[in-house]
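Undergrad: Straight from Swiss-Prot, here's the annotation block:
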TRANSMEM  3-23  transmembrane segment
TRANSMEM  64-84  transmembrane segment
TRANSMEM  133-153  transmembrane segment
TRANSMEM  179-199  transmembrane segment
TRANSMEM  255-275  transmembrane segment
TRANSMEM  281-301  transmembrane segment
TRANSMEM  375-395  transmembrane segment
TRANSMEM  418-438  transmembrane segment
TRANSMEM  497-517  transmembrane segment
TRANSMEM  536-556  transmembrane segment
Amino acid sequence: MNTEILGVVAQVALMVILAYPLGRYIAKVYKGEKTWSDFMAPIERVIYKVCGIDPKEEMNWKQFLKALLILNAFWFVWGMVLLVSQGWLPLNPDGNGPQTPDQAFNTCISFMVNCNLQHYSGESGLTYFTQLFVIMLFQFITAATGMAAMAGIMKSMAAKTTKTIGNFWHFLVVSCTRILLPLSLIVGFILILQGTPMGFDGKMKVTTLEGQEQMVSQGPAAAIVPIKQLGTNGGGYFGVNSSHPLENPTYLTNMVECWSILIIPMAMVLALGFYTRRKKLAYSIFGVMLFAFLVGVCINVSQEMGGNPRIDELGIAQDNGAMEGKEVRLGAGATALWSIVTTVTSNGSVNGMHDSTMPLSGMMEMLNMQINTWFGGVGVGWMNYYTFIIIAVFISGLMVGRTPEFLGKKVEAREMKIATIVALLHPFVILVFTAISSYIYVYHPDFVESEGGWLNNLGFHGLSEQLYEYTSCAANNGSGFEGLGDNTYFWNWTCGIVLILSRFLPIIGQVAIAGLLAQKKFIPESAGTLKTDTLTFGIMTFVVIFIVAALSFFPVHALSTIAEHLSL
């Protein structure tokens, strides 16, 4: 047990230590300063030339958003066409068939918005061709989209007064070529050395210890898993994600994959400080996020390593913790850490089944996604925190009787309205769709039965499964309580709607706020200016997040996770 805790501490320390140099490097990339990756410049110039892009052309926030939305619309059509026709495309040695239109819609939307919700199993639901040219392609593009959006906001924050926030296409390309691709190659090389498959052969016939023959799926897993983790995508190459021994073979690969989830979101927060030359602001934000993250780690690790009281009552020893739904090669501690790392970000990959975690662990996993602010997805995670900074600045300004200001710009009614809509959209979407699904389950059982029954668990946990699904969609996370039968018309379509609303409306609002503030006249700091880089303001922001985001979900948790915990 002590060794497991040491492993948890080592992984967290590694993330924090490496985030600092990576954050400095990311800031240099977006500012166009000299870096070791300048050798990629000729490749980037070819991309710009082929695509007809002028990387030096500045965009205002409306042009920036237009480019972002057009890009995503194009790739959505691309993905739909390939998924519904994959059975007739090459690189399909196992003969997997095409996806149905509703499943393809859900899959395409999910990967396009960086959620990677999977209502299919990777081995049988996709081919090698669509794994590479839909899934892996989307995992690079969507991660780079979020990073580009944050780069635009950083540029607007660094300028005193400007009408432009940079070039979306330039930020998108350098995010791929200079950040995501190099890190993916490093992680992929480690995975190959540890035994993750990388090839295009079909299923391999093996003889098990029991003497039975079994077909084991293979494929280019080592190419896809790194960006799955680094881009906070999370969509597993295999159906059970990183629980699978070929996707995550050893404790070393588990450490590397877990580190890969959080390293860029952490680094992006610090990059903000380097880019804007406001390191204290970045440290303040980083400190609040890290505190919330560590609270979750402590709760989940203690819950999972402490075992299940129901099993204790049977007189069964639980020296290794609550091992239901966990891999013996990884242990309860590493699984508990991963469950927090994957939910404080929008990653959603798993190395154990969240549906089998203790009730309080499940509550922490959901709360991380419902708050949706602690580190979050690459780029967009900090942008969610940015929304609450605007709200906290406005409230603080009213409390001291001064016009609210952030980084020398007045925060007025227009920005506040947008921030409020973005902040309230998240709980609204989750709770409304959970209520709809619960209503249908209770009052239209024939419809539910026609779709396979939906729930494997009734009562408190059944509500948790529905709540988790929509929470995961709204947070662009993609993990799930897998007791829910979600590959149905109802869940495919409703989850797709939640995914679209929860991805693009917040990004539009956050980029709009940054663009509007950037155009305003810069006001030099004075003795009466509210300092946003202090511990006091960090606590204020934390309280605002807790009140607006966390408390909105208390009633539904009282009926699900908390009630289940008290019933043990």
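Don't overthink the numbers, they just go from 1 along the chain as shown.
Placement of Cβ uses the backbone N, Cα and C atoms for every residue, glycine included.
Give me the local environment of each listed feature.
TA: Among residues of the same chain six or more beyond the transmembrane segment (3-23), those with a C-beta under 8 A of the stretch's C-beta atoms are 251, 255, 258-259, 262-264, 266-271, 273-274, 282, 290, 294, 297, 301, 305, 331-334, 336-337.
Only residues 6 or more beyond the boundaries of the transmembrane segment (64-84), in the same chain, are considered here, and those with a CB under 8 A from a CB of the stretch are 98-101, 103-105, 107-109, 111-113, 126, 129-130, 133-134, 137-138, 141-142, 145, 148-149, 152, 165-166, 168-169, 172, 504, 507-508, 511-512, 515.
Residues 30, 61, 64, 68, 71-72, 75, 78-79, 82-83, 108, 111-114, 116, 126, 165-166, 168, 171-173, 175-176, 179-181, 223-224, 227-228, 230-233, 235, 264, 268, 272, 377-380, 382-383, 386, 507, 510-511, 514 of the same chain, all 6+ positions outside the transmembrane segment (133-153), place their C-beta atoms under 8 angstroms from a C-beta of that stretch.
Residues 25-26, 29, 37, 140, 143-144, 147, 218-223, 225-227, 229-231, 246-250, 252-253, 256-257, 260, 263-264 of the same chain lie 6+ residues outside the transmembrane segment (179-199) yet bring a C-beta within less than 8 angstroms of a C-beta in it.
Away from its own ends, the transmembrane segment (255-275) comes close to residues 7, 10-11, 14-16, 18-20, 22-28, 30-31, 147, 150, 154-155, 157-158, 179, 183, 187, 190-191, 225-226, 229-232, 242, 248, 281-283, 285-286, 289, 334, 337-338, 341-342, 344-345, 347, 349, 351, 375-379, 381-382 of its chain (Cβ-Cβ under 8 Å, at least six residues beyond either end).
For the transmembrane segment (281-301), the residues of the chain that approach it from at least six positions outside its boundaries are 5, 8, 12, 16, 23, 266, 269-274, 333, 336-337, 339-340, 343-344, 357, 360-361, 364-365, 367-368, 371, 373-375, 382, 385, 389, 532-535, 537-539, 541-542, judged by C-beta separation under 8 angstroms.
Non-local neighbours of the transmembrane segment (375-395) in the same chain are 114, 143, 145-151, 153, 230-232, 262, 264-266, 268-269, 272, 285, 289, 293, 344-347, 404-406, 411, 415-416, 419-420, 422-423, 476, 506-507, 509-510, 513-514, 530, 532, 537, 540-541, 544-545, 548-549; each lies 6+ residues outside the stretch with a CB under 8 Å from one of its CB atoms.
Using a Cβ-Cβ cut-off under 8 Å and counting only residues 6 or more beyond its ends in the same chain, the transmembrane segment (418-438) has close neighbours at 370, 372, 387-388, 390-391, 394, 454, 463, 466-467, 470-471, 474-475, 490, 494, 498, 501-502, 505-506, 509-510, 512-513, 548-549, 552-553, 556.
With a threshold of 8 Å between CB atoms, the same-chain residues lying at least 6 positions outside the transmembrane segment (497-517) that come near it are 60-62, 64-65, 68-69, 72, 109-110, 113-115, 117, 146, 149, 152-153, 156-157, 165, 380, 383-384, 386-387, 390, 406-407, 409, 411, 414-415, 418-419, 421-422, 425-426, 429-430, 433, 470, 473-476.
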